[in-house]
Amino acid sequence: MSPEGKRLLNIIVLGFGFMFMFTAFQTCGNIEVGTICINFAALRYCSMAIIYGVFSASNLIAPSVVAIIGPQLSMFLSGLLYSGYIAVFIYPYTWSFYTVSVLVGIGAAVLWTAQGNVLAINSTDNTIGRNSGIFWALLQFSLFFGNLYIYFAWHGHVHITDKDRQTVFISLTVISLVGCFLFFLIRKPDPESSPSDPFETPPQTVLTSIYLSAVKACKMFVTKEMLLLSVSIGYTGLELTFYSGVYGTCIGAMTRFGKDAKSLIGLSGIFIGLGEILGGGVFGMLNKNDRFGRNVVVLLGLITHFVAFYLIFLNIASNAPLAPEGGTDLQAYISPSVEVALLCSFLLGLGDSCFNTQLLSIIGFMFRDNSAPAFAVFKFIQSIMAALAFFYSNYLMLHWQLLILILAGFLGSVTFFVVEWQVESSRRDSDYDSI
């Protein structure tokens, strides 16, 4: 197999590994927040807030872990922590619920730092956009498959029995473990394809490596380019919380959607996944063509999200995020429509894929020689903003949450445009100098 074919195969295996893992994990999150809530009704967002809070702090040490044990083993061990989180819900207890939330936060930092490293070292300047799109599309199939199963298995169920729950979570745990073992199929890229070899252990001691890695990440965070991108990254953290937790809860709380409102949570996840897959598969490829650069894709994502936010404002009652377990009977500005709600789910997924594929692409392009700390900073910003959003979603009405998203999305798009223009200007200057 040619070196380019080997690198592409690594990206595909990486995508399938994440697809299996997050089919299980994201389905677990939807069930935990919106459907089962066994003795956790008052804690519906606490688990994710803990995960993202620990996630953000753990990004300081994640690059060192990846450098010491390699990205392949890092992803496998982190995946085992994700599988443990899912397995806890077979027989849920409050103490185990909080414990695994902390552990998954640590594992998530290592997992996503290693993922960014593997993506960068298996890509070139010409293929980083394509590879980001392929990975993102495969990852987001997780939203489709898991929620499709939940929708058909639990359609019309008002009460979920212990046996139903145990069957689902045992299945999800096995699926997650399959994804973990797929990471061992990733092969080391040829030396000439990578400026540095992250599979080799550096000569420093563990503590020295952790310290140097943290310093490098902090220095990278305060660079002009990363500070500008941090606004865009922060927006993806806010909207991640909204589409993965808040919006599904809002749909499930709308009693005017009928007795099957709870099952619509799974259907909403399917439509979010379809939007993510379409965006990853199409927009991830378009930036190979200069006419469809990263700025154009981000602008499309911003417009898509603004349309979705406006329709959600019209269709969903403002108290839906804070509604009691019995739901809300209030109506927004139009008669509640399931079709409009699912259209918004699709638009949320489509817009999210636009932002994330282009952020993966531009960070992988600018920091390819130091991909591990760069992606650690990326995930640090994203996770801390996601944790913040999970916190305020317990207190703010829907219209205030939408206003925050609109302001953050606009500012994040502007700062992304500035960085992309700088990158294109530097590339043109480099091409001119080489003539």
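For all residues, glycine too, the Cβ spot is worked out from N, Cα and C.
Bear in mind that TrEMBL entries carry predicted annotations, made automatically and left uncurated.
According to TrEMBL, the feature transmembrane segment maps to 7-27, 67-91, 97-121, 133-154, 166-186, 226-244, 264-284, 296-318, 330-351, 372-392, 398-419.
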Two-stretch contact, the transmembrane segment (97-121) and the transmembrane segment (7-27), at least three Cβ pairs under 8 Å:
yes
Quick check for me: are there 3+ Cβ pairs below 8 Å between the transmembrane segment (67-91) and the transmembrane segment (166-186), leaving out pairs under 6 residues apart?
yes
Short question: most Cβ pairs under 8 Å with the transmembrane segment (264-284), which of 133-154, 226-244, 296-318, 330-351, 372-392?
133-154
Result, the transmembrane segment (226-244) in contact with the transmembrane segment (330-351) (3+ CB pairs under 8 Å):
yes
Can you work out which residues elsewhere in the same chain, 6+ from the ends of the transmembrane segment (7-27), have a Cβ less than 8 Å from its Cβ atoms?
1, 75, 79, 82-83, 85-86, 115, 118-119, 122-123, 127, 131, 134-135, 137-139, 141-143, 145-147, 149-150, 172-173, 175-176, 178-180, 182-183, 185-187, 189, 193, 244, 269
Annotated stretches the transmembrane segment (296-318) and the transmembrane segment (133-154) touching (3 or more Cβ pairs under 8 Å):
no
